[in-house]
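Engineer: Pulled from Swiss-Prot, these are the listed features:
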| type | residues | note |
| --- | --- | --- |
| BINDING | Asp17, His208, His210, Asn244 | Mn(2+) binding site |
| DOMAIN | 8-269 | domain 'Pyruvate carboxyltransferase' |
| REGION | 408-537 | region 'Regulatory domain' |
Amino acid sequence: MARDPGRVLIFDTTLRDGEQSPGASLNLDEKLAIAQQLARLRVDIIEAGFPFASPGDFDAVQTIARQVGRPDGPVICGLARATRGDIKACADAVAPAANQRIHTFLATSDIHLEHKLRKSRAEVLQIVPEMVAYARSLVDDVEFSCEDAGRSDPEFMYQVIEAAIEAGATTINIPDTVGYSTPAEFGALIAGIDAHVPNIGQAVISVHGHNDLGLAVANFLEAVKNGARQLECTINGIGERAGNASLEELVMALHVRRSYFNGYLGRAEDSSEPLTGIQTEEIYKTSRLVSNLTGMAVQPNKAIVGANAFAHESGIHQDGVLKNRLTYEIIDARTIGLTDNRISLGKLSGRSAVRARLEELGYQLDGDDLNDAFARFKELADRKREITDRDLEAIVRQNAQQIEAYYQLAGVQVSCGRDLRATATVTLRTSDGEECSQAAIGTGPVDAVCQALNGLVQVPNELVEFSVKSVTEGIDAMGEVTIRLRQDGRLYSGHAADTDVVVAAAQAFVNALNRLVSGQKHSPLHPQRAPLPAPAL
């Protein structure tokens, strides 16, 4: 049997696989903020990035390793292809962490071998132990993944896994890379590895899955029943295509259905010992933080953290919940840190009160960041009587979007109305302090603003998404605008909130432009799509 750590380990890859969601690019400060919150959530392993991809990714992993990788904190992991250059860069990046891991991978499915790697099975069986052994010479904790395991020949994969463990791999990860497996198939795959790999007792079995068929969480739970003890997942299930297995759904399934899963971990059915080490009260604020910083909204009916997860429309349901919440709720909302708290912050509230509430929401702001957020708070408080948690989150989100400010919005004025052509005049301030203005006409005020901004910056782009939603209720609510721009196949998102949605749209467009300009300077490799150089064997 595979090595059993005594509970289910949670491996969070929000900062690596999650960031590969279209438009979900994060800067260093945003990655660090998420990593710090993941540590408060008490995930076991943080996959902080792909260090070889770009200098920016290397710096992010190294900074997280230095600031979050404390002796009592999570393992800090980096991804590396099965090459010496990747593995050495990964080892250097995670070196400041007290607990380090290198996660290296190579495809094992015939379709990947033939069409992507152009390598034979014999070559793979030579590369894997060589590269795992090299990684193990640099760190004590090495994870090896059989990419596209769900479509691999099991007998060949058993050989690869055995060779990887023999070379020093401490965790063997089985990815359903394209989300193709069904729960029964995936469970059988894990059971087969547990039964047919002779040295599997020296390694923990891990699983990684995508949600292309909506089965990722179900597959993982079936894997746990068959011996998997590490789950690779992301906050809010973000990730490429249809996303990854959702951390909050997995953790709460194991929490709520503990008695069902206890037996599969060799425990008594009525054991109250948690199956994971997750601090569940941090789930909701972690979800909000990731949503705010990536700009990826959580769908209202999303399990656990969606806006409707604890809402009841039916009169019968409402009556039952009012009498006893257990009639229609299987989870106490407080378990995930969700409260009905409506804070009494207003224009007379001081900096300390704002800072304290932001910290409760998972935001650690100091210095200029706190000053900027407080200034925006006071500006909003002059226009709104009641400031809610969502308003505060929108303020912080807007601040985070402006960290790399190549352009700053200095002013915007629009003129529009029925039977009038919408006209906008915008003023931008560049990073060297120069101000420039331009006017433009459009089909509406937002289009006119975007035309004027594009005329000023002269950066080719295509507007592919514009959305606006109310942050809170009421006529004085802030409108939150999301804009996505596309250039050369890459998406860049911008977000802003204001009680004037046209101003919010202008700021969101500028934020997206800043990310686009920054992205042109730091274009990373994609770990699965980058060409694999010949390893030094």
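Note: Cβ is positioned from N, Cα and C throughout, glycine not excepted.
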Engineer: Within 8 Å of the centroid of the Cβ atoms of Asp17, His208, His210, Asn244, which other residues of that chain place their own Cβ, given that this set defines the recorded Mn(2+) site?
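Structural biologist: Near the Mn(2+) site, beyond Asp17, His208, His210, Asn244, sit Thr13, Pro175, Thr177, Gly209, Ala216, Glu232, Cys233, Thr234, Gly239, Glu240, Gly243, Ala245.
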Engineer: Give me the mean pLDDT over the domain 'Pyruvate carboxyltransferase' (8-269), rounded to a whole number.
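Structural biologist: Here the predicted model's pLDDT, averaged over the domain 'Pyruvate carboxyltransferase' (8-269), is 96.
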Engineer: Inside 10 Å of the Cβ of His208 (Mn(2+) binding site), count up the other Cβ atoms and send me the figure.
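Structural biologist: A count of 27.
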Engineer: Return one of helix, strand or coil for Asn244 (Mn(2+) binding site), based on DSSP.
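Structural biologist: DSSP assigns Asn244 (Mn(2+) binding site) to strand.
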Engineer: What are the non-local neighbours of His210 (Mn(2+) binding site), defined as same-chain residues 6+ apart in sequence with CB under 8 A from its CB?
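Structural biologist: Spatial neighbours, sequence-distant, of His210 (Mn(2+) binding site): Asp176, Thr177, Val178, Gly179, Ala216, Gly239, Glu240, Arg241, Ala242, Gly243, Asn244, Ala245.
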Engineer: Using DSSP and collapsing to three states, where does Asp17 (Mn(2+) binding site) fall: helix, strand or coil?
Structural biologist: coil
Engineer: Taking the Cβ of Asp17 (Mn(2+) binding site) as reference, which residues of that chain separated by at least 6 in sequence fall under 8 Å from it?
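Structural biologist: Those within reach of Asp17 (Mn(2+) binding site), by Cβ under 8 Å and sequence separation of 6 or more, are Glu47, His208, Glu232, Thr234, Gly239, Glu240, Asn244.
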